[in-house]
Amino acid sequence: MLTHTSPANSVTDRLGKGVKSNDDNLITKSGSRLGKLLRRPPRLPPRLPPNQKGSNSSFSLEPEKLNARQQSVKNAFIHAWSGYKKYAMGNDELMPLSHMGVDGLGGLSATIVDALDTAMIMGADEVVSEAGSWIEAHLLDRITNKGQVNLFETTIRILGGLLSAYHLGVGEEGINLTHKGPKPVVYLETARNLADRLLSAFTSSPTPIPFSDVVLRDSSANPAPGGLSSTSEVSTLQLEFNYLSAISGDPKYGMEAMKVLEHIKTLPKVEGLVPIYISPHTGEFSGENIRLGSRGDSYYEYLLKVWLQQGTSRDSNFTYLYDMYKEAMKGVRHLLVRKSIPNGLVFVGELPSGSNGAFSPKMDHLVCFLPGTLALGATKGITKEKAMRDNLLNFEDLENLKLAEDLAKTCFEMYAVTSTGLAPEIAYFHTEEFSEGGLDGGNKSSKYVNDIIIKHADRHNLLRPETVESLFVLYRITEDPKYREWGWQIFEAFEKYTRVDTGGYSSLDDVTTIPPHKRDKMETFFLGETLKYLYLLFADSSVIPLDKFVFNTEAHPFPIEGTVKRE
């Protein structure tokens, strides 16, 4: 995921990245129905009280016994939180070296909300209490009085985090199983207040494509400087708004968000692939730049996940999303997948000038979300073994699963090829047409030291989650232990080079040098995503199972339809 930058807020460049409704008569203006989520009787996945944990628990609460790797990741999370609490409580992000906080995401205490469901999943009760109490006491006031925020970032981090915390906090009979923090309805009410203000981005636009920025205090909206929105931003809101409609009983949220995807369905594409900019003024794509990195990535992720969110009895009105996803993945395989030389790493490149222009062997770390998405799309969250046994995989599914495994290896090697064992923000790949000498990752013992090219401007590491996200999904689906081993190597490198003794973790300037210089910034997604996915990688597969939950692009899990708890 990359981030939107507007004059009002300086945010980390992380756009694109880093569904989820009332009665049968609910019809959107474009004719599609959002009824399925709300029509079915709400129920939660089976859960046991804290003193009767079993393998059918849907999420962990005060786990009786963590394995050593889980405990190490939990300790890292508590260390990260301790630095934030000590020096930046209430700010969006921690500057761990300067011992201060900074507001780069609109000042809605993004780290607190992003970290909350991670703490709940880990059973870190003290953090749940501290984060939940802060939200109850302060967040509504912040939402009411703050100025301009980015629609996408605020939706995936703040709205998504509140909605996930609501679900994880609500028990079988409305009991708060964590016994910590406020009543879960506080999270829901805060989420609705925020969403009501964010809706102005949709209602202010002359087309179904929302404006990119919202002024919270007066619920007004305006386009980004230059007028364009990022394709990934406008198409990565639907899980969150659909789920809010499902649990609140108010269809307006999902209706507005789904108009975006219904509109994009009608636009011309290149083998299912889309340019990275779209105009809210005309409703048309702008330019020809096609990539699965920043400003493009989570468009493809949400095509699949918004469809998956509908559950096993998926509404036929959402089938077009899965069809668009399948077409796009064929386009990826045909137009964007190449192999490096000399050792044949499979990678996904870019088409900066469209399908008739030159191919660029550039791959953002952000693209490393794709292996997990491909695997999830192939088996729909169940294990490969079960899917094969039940004859559920066609040739295309197997092809996508193979590509997922190949790309996951490439993403891991982007870590292993550097001196620190941490990946750069962007890598280029050596091909017949492209080569630059003297720009390797520094680990001369890596087999792939001559396959991966890392330019000087791209050598930073922002503690990003995409690779460990895919390792988590691939471990759950293939059950191959190598994904746990790769994840552990990455975690150990984070511990060795990014940990700050006084509390928190820091982004790095250059992963090819030792010791690397620290950037003095701990992104919210390190707590919200990176450490959550690492923890779940080492957890039992019954903890947040992939056939019962779908993760938003900020790693906030929402229940798949049929497990929705409604107020």
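One is the number of the first residue shown, and numbering goes on along the chain from there.
In case you wondered, yes, glycine gets a Cβ from its N, Cα and C as well.
Counting Cβ atoms from all protein chains shown, E153 (active site, proton donor) has 29 others lying within 10 Å of its own Cβ. Residues or ranges marked as active site, proton donor by TrEMBL: E153 (among others).
As annotated by TrEMBL, active site applies to D297 (among others).
Residues near E425 (active site, proton donor) in space but far in sequence (CB under 8 A, at least 6 apart, same chain), listed by position: D364, H365, D458, R459, H460, N461, L462, R464. Residues or ranges marked as active site, proton donor in TrEMBL: E425 (among others).
Annotation comment: TrEMBL describes E466 (among others) as active site.
Residues annotated as Ca(2+) binding site in TrEMBL: T553.
Annotation source TrEMBL lists compositional bias 'Polar residues' at 1-12.
What TrEMBL lists as compositional bias 'Basic and acidic residues' is 14-23.
Over all protein chains present, the Cβ of C411 (disulfide bond) has 29 other Cβ atoms lying within 10 Å. According to TrEMBL, the disulfide bond annotation covers C368-C411.
The region 'Disordered' annotation in TrEMBL covers 1-60.
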Nearest of the recorded positions (E153, C368, C411) to T553 (Ca(2+) binding site), judged by Cα-Cα distance: E153
Candidate nearest E153 (active site, proton donor) in space, where candidates are the recorded positions D297, C368, C411, E466 and distance is Cα-Cα: D297
Rounded distance in angstrom between the Cα atoms of C411 (disulfide bond) and D297 (active site): 15
C-beta crowding around T553 (Ca(2+) binding site), within 10 angstroms: 30
Other CB atoms within 10 A, centred on C368 (disulfide bond): 29
Greatest C-beta neighbour count within 10 angstroms, which of the active-site residues D297, E466: D297
